[in-house]
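Trainee: Got a structure here, written out as C-alpha cells. Questions coming.
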Amino acid sequence: MAQLLRRHLPVILSLILFFSRVTADANFTVSRAAYYPNSDTKGTENGACEYDAFGAALNSGDVSASASLYRDGVGCGACYQVRCTHPFFCSPNGVTIVITDSGASDDTDFILSQHAFTKMGQNTDAGASLLTLGVVGIEYRRVSCSYPNKNIVFKITESSNFPHYLEFEIWYQQGNQDIIAVQLCETVNLICQLLSRTHGAVWAAVSPPSGPLSIRMLFSSGAHRGGDEKWLVPTNIVPQNWTAGAIYDSGVQVQL
C-alpha cells in the first residue's frame with residue numbers, strides 16, 4: 001500500500017492543488033470552450049465586431065467569439081482570462097483573449113482561436129491534447145486589456161463617404177470598462193452629435209459636423225461595479241478632410 005501511494009503521490013498532490021485552486025477562485029465563472037478550425041496563428045477575419053484583418057491578428061491572435069459576452073457589440077474588444085479545468089493538461093493561468101466575434105457551439109461561452117485554445121495547456125504537448133478533446137471545461141473572468149505604447153485609435157471604415165457619412169471603429173482600448181456612448185464634436189463651434197452603434201464595434205454619423213472633429217467616449221465600469229461613468233476626450237483631432245480607410249491616433253489611452 002505504501003509503495004502504491006508513493007507511486008501515485010505526485011498525481012494525488014496535483015489533483016488536490018488543482019481542486020483547491022478552483023474552489024478558491026470564486027470570482028471565476030464556470031463554462032465550456034471550443035475553438036475555430038484552421039486558426040492556428042490567428043482568429044477569424046469575419047467576426048461580428050467587424051474588426052476584419054485587424055481582429056484576426058489582435059492580441060497576437062489570442063481572440064474569441066462569444067454569444068453571451070458579445071452584448072450587441074458592447075463586449076467587442078473586452079478581455080477575459082480563460083483557463084481550462086482538465087487536471088492533467090491545463091496551466092493555472094490559461095490565456096488572455098479579446099472578444100472579436102459573436103458565436104456559440106455545444107453550450108460554450110467561448111469559441112477561441114486555435115492559437116488561444118492551445119495556450120491553455122501546460123506545454124505544447126498538453127495544448128495538442130486539448131485540441132484533440134475539442135470542447136473543454138473552463139473558468140473565466142473579465143480582466144484589463146493592455147496595449148503598451150499604444151493610444152486608442154479610430155479606424156475610418158471603407159463604408160464612409162466624405163462628407164455625408166462617417167463610420168469608424170475604436171481600436172486598442174485598454175482597461176476593463178465598456179464604451180457605452182460616443183459623441184462626435186466639431187471643435188471650433190463645439191457642435192456635438194451623439195452617435196449610434198450600428199453593429200459590432202462600429203459607430204456612425206449621418207451628416208456629421210463639418211470641420212475638425214473630436215471623438216469623445218463615455219466609459220462605464222458597469223452596474224455590478226458601482227456604475228462609474230467617465231468621458232474621455234482625445235487630445236488629437238480627426239482632420240476636417242477625413243478619408244475612408246484612414247487611421248487617426250486619439251493621443252490618449254485609458255490608464256490602468
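For all residues, glycine too, the Cβ spot is worked out from N, Cα and C.
Note: TrEMBL annotation is automatic and uncurated.
The annotation domain 'Expansin-like EG45' is assigned in TrEMBL to 46-150. Feature annotation from TrEMBL assigns domain 'Expansin-like CBD' to 164-250. Taken from TrEMBL, the feature signal peptide applies to 1-24.
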Trainee: How does the domain 'Expansin-like CBD' (164-250) divide up by DSSP, counting helix, then strand, then coil residues?
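Mentor: The breakdown for the domain 'Expansin-like CBD' (164-250) reads 3 helix, 46 strand, 38 coil.
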Trainee: Looking only at the domain 'Expansin-like EG45' (46-150), report the model's average pLDDT.
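Mentor: Overall, the domain 'Expansin-like EG45' (46-150) comes to a mean pLDDT of 96.
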Trainee: Could you count the residues of the domain 'Expansin-like EG45' (46-150) that DSSP puts in helix, in strand and in coil?
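Mentor: Counts, helix then strand then coil: 32 helix, 30 strand, 43 coil.
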